[in-house]
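Student: Residues annotated as transmembrane segment in TrEMBL: A:12-35, A:79-103, A:115-136, A:156-181, A:210-236, A:248-275, A:287-305.
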């Protein structure tokens, strides 16, 4: 039972992280039909920028910085985590806008070409990040004042950052996005734009500005995801690919462009990942090595019945 | 971005010239060039050709090709005598057939699922397939060995490439020519024309009584067969296969090869592959070192930038650029309009 709770929490927190990253991906697609294959790169870059800010500004490494646990004993205040989070997120948002304005604005509508362009950008970004940040896995330090773990009823111990911070961040972001989409003028335009872009621009709304806003928001979400993921898991080359794949699976399951679909898709992927890693043991037969097949089966199962995903609508 | 490719005839003179040149190439170039450039370009070209075949005639840009060729390569390496993996020690020729069969069947399965989506959805779904294949083989070490399957047994016709790379080169060349001709001929059959109809007007084709999903699935299966050939040849080339050689980077490399060559012409596959192999091997010598940003170790940045330039400038790739140039040369600049004869007023 304890194990089950822990595994479920693992799945939920993974799902939370997947949701934060994939929601940006799906919102951009929903409005602009742009499949941003560099979304994973923005995720990883966001994490690295936050790490860079944290180590440059907030680490006063005394001594040799050597310790058995591999972590220096430096103290980090809450601001040493929050300020890098905010700055890195904003920087990634701006990078997203630049990317959209320079590379994607003039070929709006050519979705394949845009996908290829963002693939090219992700190749370049991945290589440059490897050159600058190296191949060793790093992580962002959570504030030292925060407890490392919490104890839930039933003597279940779970990581504080993972269980409390990431989960509540995802819930807040989900709520925030819902309110933005449903309650603001920007959200109204976005919803109208998803259904009929030409009509919206014919009504005299500056679509380009809405696109900029959406790309800012979408990239920003990737950046937040990167900082959360960099603190919760780690930052390493290959994470960009992993999170691009996760976002793809989440939105393929949930349906491209749907926020609710992203939440459902993230939950399904996170929980299936977590359970398959632990519970694929039948007596002596240990199939946990094959857990990726379950993820695949999930994807295939959804696509076989709903080619556009659970909440997908034809373009 | 979707020019009509239809019943273009094979340009026999050009093809014969290129193949003749390729056949005498072993006399002209070093063993290193023969293996590292030409042989590699040929099998990589086959992989890219399977992608281009789907893109040009089916309108489906598939990123699953590397996943499928990985399955074929892994199946072959597991079936024959090798260091790592299952090492079933089956006859290499039998293993070859089995590997192609497995790749084609898996391809048909993938195709059946992916065929009902179109355009960008198709791209994403096939990308997910490819990456899942990679994760599968990196998780299941029983099938991929620890650190890959090494010293894979090769069929007798390939000989031992370490001593004499020539037979392997010739085998790869013959297969590449057969693939090119086969796909070229196929595109002009009733099925090939049906594929192009499905590419351009799926709704009308459906109304005419064609089974659109079946056409797409079969096309995907054929492309999977071709990708499987490339996978087995890649094992011949490397004499080993690792999960790392079928990861996302390789998926994107094959896409880059296809796009550099030109997504709408089969020839583009080998042109792109040759360009890629040349850059891969020689860029280290002439690319200047610019801090950490550019230099011998930053091959991926270089290839990424080239890819970006091609996508931005010419969606038709190098072939597209060549065609545009030749069109400009062929159609002479419009001669100045003849001056109207001056009216003579008496």
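Every residue number used here counts from 1 along the chain in the order it is shown.
Keep in mind that glycine also has a Cβ here, set from the backbone N, Cα and C atoms.
Any idea what these are sitting next to in the structure?
Tutor: Within its own chain, the transmembrane segment (A:115-136) has Cβ neighbours under 8 Å at 34-41, 44-45, 48, 51, 99, 103-104, 107, 235-237, 240-241, 244, counting only residues six or more beyond its boundaries.
When Cβ-Cβ distances below 8 Å are used as the criterion, the transmembrane segment (A:156-181) is approached by residues 2, 5-6, 9, 12-13, 15-17, 19-20, 23, 27, 142, 146-150, 187, 190-191, 217, 221, 224, 228, 231-232, 259, 263 of the same chain, each at least six residues removed from its ends.
Below 8 angstroms of C-beta separation, residues 7-8, 10-19, 22-23, 25-27, 29-31, 174, 177-178, 181, 194, 291, 294-295, 298-299, 302-303, 306, 308-313 of the same chain, each at least six residues beyond the ends of the transmembrane segment (A:248-275), sit close to that stretch.
Residues 249, 252-253, 268-269, 272-273, 276-278, 280-281 of the same chain, all 6+ positions outside the transmembrane segment (A:287-305), place their C-beta atoms under 8 angstroms from a C-beta of that stretch.
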Student: Could you pull out which residues elsewhere in the chain have a CB under 8 Å from any CB of the transmembrane segment (A:210-236), counting only those six or more residues past its ends?
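Tutor: That would be 13, 17, 20-21, 23-25, 27-28, 31-32, 36, 39-40, 42-51, 81, 84-85, 88-97, 99-101, 105, 133, 135-142, 159, 161-162, 165-166, 169, 173, 180, 186, 189-190, 193, 200, 243.
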Student: Sort out the residues at least 6 away from either end of the transmembrane segment (A:12-35), same chain, that have Cβ-Cβ distances under 8 Å to it, and list them.
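Tutor: Here the qualifying positions are 43, 100, 104, 108-109, 111, 114-115, 118, 162-163, 166-167, 169-171, 173-174, 177, 190, 193-194, 197, 210-211, 214-215, 217-222, 224-226, 228-229, 232-233, 243, 246-248, 250-251, 254, 256-259, 261-263, 265-271, 273-274, 315.
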